[in-house]
């Protein structure tokens, strides 16, 4: 809970004041009363115990600590000269309340005096009396005074007798509701209910109009504490001795009203010390010995209030969750220090374990200066310097307080927090370094977080980045696009002499060869070289398609950030993306406005050319994608997905006439560029010439762009044939990322065209440098490299027509399932499945549908004839069923019958474009939900990611919340983690570099964790990592899954108590009622009364 106190000379701004007093009824004592103290016990724990120990040491007094069984590792027992266990077998709090044990330890160890600190027994008259009975001095008022001051009603009566103004209140504790109602009718609202015998604010309630609302004293009563030098005369009447605190309320006119007396040292005594230069604990000890105040040089007229002091209690509490206490291990602790800053702490150090048993105070920060603004400035600076990792703290809330104009320059009162809810707009801490250590430790203990197709290690050799000349990159085709717009760009492409190339290395090449796993880190390293040496590329394909979801799903990086960063590094070459028509970058249908919005956001982030296709060449789906890309201001490149063989007269379903007629529709629809998308590499030189010539003759002014794969090995020949027939652009990949299921070789095309009409204008030696980088970089992705199982391409692709990327994936899957020797059968089944479905255009997602059916046939040992015969009784893959229902669109030639009817039976069928009937996506509502779940840092790009892939985006955000910006790590570290004793650097951002060294892996502890040790920027750091393998054999309390509404998790650590509506968690002074998140029936209860819980432990499950 946030604690805050201010002390200053003036009185005009006070809302709640506490007067710290050091008092003796007799100002001069006879010398015979003097009893020197040689040994002091502190019957307390934490920072107040250490505060007293330090004062004793300064005065030459020996110190004794007491501690509970739960506090064996606490700092206060180490700071004392002696330390003894008390309350064995007792609960954590009860141990410090066990008077017999405390007195016995004092007597056994010749303790002269006991200091009670604050809290626990500090205001217990029976404890003060027990000390007196045992012949041990009690450092505080007499037992009778403690009793009188502890009774809030009696203390109030004494104040009235002494003529001290008091807040209107009852003369005695109320016994029933009627008494409270009479009081409320007399004095009006609001009123405060307060425990007659104290309680530290626990249970205090503010009541407004017969409606009770929780007003935690720790937030309101303890928020502002000013320390004026006041000496109420009524203390003389009770013979008050030693230190104490008098609480007042102050109204807007500056009038003071007595509330109560705390007969002990106050938590905020440090403020009084800073502004008066009086050591109150020193004085307490000397007064207890029998010294008078004049002997100590403490006369009221000599005490001067100098400047201003502010105290903040930094606690392990989460302001975002109602200041609920947090527990755990402090992984990082760095305090704010410097001139004008004082720190009083006990458990504030790296490695300290914060338990739920005691007060959540971590450290008291006291700032002092000549005035409020100066002290506040120092406090703000000190809070900003703090770094506390591993547990939540209230520091963000405190920082908001010190940036609040009303607080710094105006009057504040007890409603300050209620009236300034912006204080709870907490700026999230980044904690990037520690999160990255958690990730590295996780990989070291549990292995890679992304699935590895094969058991191969990433190469230990990093690629050498070729030299790049200084200065801006040369002018490229993007400059033409920005100057002349999409139409002017298309004309420039058509008018260009020579063959233009699109480089697919940044997308389709690694999708085909490396399972789409190439990270932004490695793309960024080579980007400046590409920008400076390949400015005459038509475009760079670097985004969209499978790379969008894979970036989040497997690489834990934001696809939008990739686009933004590459755009900044390559400003001169047009970027091209793959847009799946009405499916955008997903595998399903989206509302039309989602597709339009996606294209708009992509264009804003630097995308230039949208290659729009549909997996079935279904025109309505394509037209929607084209319109969306065009409306966003992008270059529309409508793609005809190619299958079959136009040079084979026996294959007439996808004839030359079919493709020309489809192209007619696309050109009419306004495409800027016409693309032939040969995703399986089926174009042979002869069919290439036939198709391209037909299109060139039909559309002489429209640029033609050809995309293919080199699975059969004829890719270079086919692309050269396309160029000779009139194609303007062909797709290539750099040599070391070309061939097989990727695109044809860039170097081969450049070399073959050199000196001819098709000359690309690209320097071959630069291609070699580019290729060398990727040859070494490819080694980093060895676990995903298709060459681990596939050693060459295969011309049987002309028969099975498997697209390049899918060919690689099927090969991986067959080997991982132990069916590598049966891959030939898988390919044959693919051919048969394609025929079953009516001979489809095969590209994502239709290619997956064919693949799913093929695997279904192999797994169930079914032939095509058997599938057709038993279609009405087999349980087909969902993708197959949904395709037949019409979820993907309508295939050329219609659905296969009677196969479709036998599979679907009475299932509903979609007529027309699948997405046309979907209601518009409510982006505002989506954004509000994301902000509620993830905070205000949500961007328009995040909203778009969530619209495309809700579950994947949620998992991505959860991952980065736990592990930070892993995209900063090198690929080997990301996949394999560091080796012990390895030193490396991680650049978080420009000018912020982490120097890390992996030191050691610890043994398994009882919680199923291993401690992993690092050196970070020269300082020892460690993280606790759950060993997922070991934990499978250990039993733990289940955690509530946030994605399941019916699972109720503990909002904070604590114990379960009986209560309504579900249960009550209790931890020290914090009680939390756990309410039901939904209406339903309780399915299972996972706790019992007195269960000890950690945060997010599963309490119960509710079924709607």
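Residue positions begin at 1 at the first shown residue.
Each Cβ is built from the backbone N, Cα and C atoms, and glycine gets one as well.
Counting every protein chain shown, the number of other Cβ atoms lying within 10 Å of the Cβ of residue 152 (ATP binding site) is 19. Residues or ranges marked as ATP binding site by TrEMBL: 152, 220.
Here TrEMBL flags 508, 677, 707, 709 as Mn(2+) binding site. For residue 508 (Mn(2+) binding site), the same-chain residues 6+ apart in sequence whose C-beta sits under 8 angstroms from its C-beta are 541, 545, 578, 707, 731, 733, 742, 743, 804, 805.
The substrate binding site annotation in TrEMBL covers 580, 844. Close to residue 844 (substrate binding site) in the fold, though at least 6 residues off in sequence, lie 545, 546, 580, 587, 615, 803, 805, 806, each with a CB less than 8 Å from its CB.
Annotation source TrEMBL lists domain 'Biotin carboxylation' at 36-422.
Annotated domain 'ATP-grasp' per TrEMBL: 156-211 (among others), in sequence order.
Residues annotated as domain 'ATP-grasp' in TrEMBL: 238-289 (among others).
For the domain 'Pyruvate carboxyltransferase' (499-768), the model's pLDDT averages out at 96. Under the heading domain 'Pyruvate carboxyltransferase', TrEMBL lists 499-768.
Annotation source TrEMBL lists domain 'Lipoyl-binding' at 1022-1103.
In sequence order, 611, 613, 639, 640, 641, 642, 707, 843 are the residues near residue 677 (Mn(2+) binding site), counting only same-chain partners six or more apart with C-beta under 8 A. Look at TrEMBL and you will find 677 tagged as N6-carboxylysine.
If you look up TrEMBL, you'll see 1069 marked as N6-biotinyllysine.
Secondary structure of the domain 'ATP-grasp' (238-289) per DSSP, as helix, strand and coil residue counts: 18 helix, 16 strand, 18 coil. Same-chain residues with CB within 8 A of the center of the 508, 677, 707, 709 CB atoms, the Mn(2+) site residues themselves not counted, are 504, 678, 679, 708, 731, 743, 804.
Distance noted between the C-alpha atoms of residue 152 (ATP binding site) and residue 709 (Mn(2+) binding site) is 86 Å. A C-beta separation below 8 Å, combined with a sequence spacing of at least six in one chain, links residue 709 (Mn(2+) binding site) to 512, 678, 679, 680, 681, 715, 741, 742, 743, 803, 804.
For residue 580 (substrate binding site), the Cβ neighbour count at a 10 Å cut-off comes to 27, with all displayed protein chains included. Counting Cβ atoms from all protein chains shown, residue 707 (Mn(2+) binding site) has 27 others lying within 10 Å of its own Cβ.
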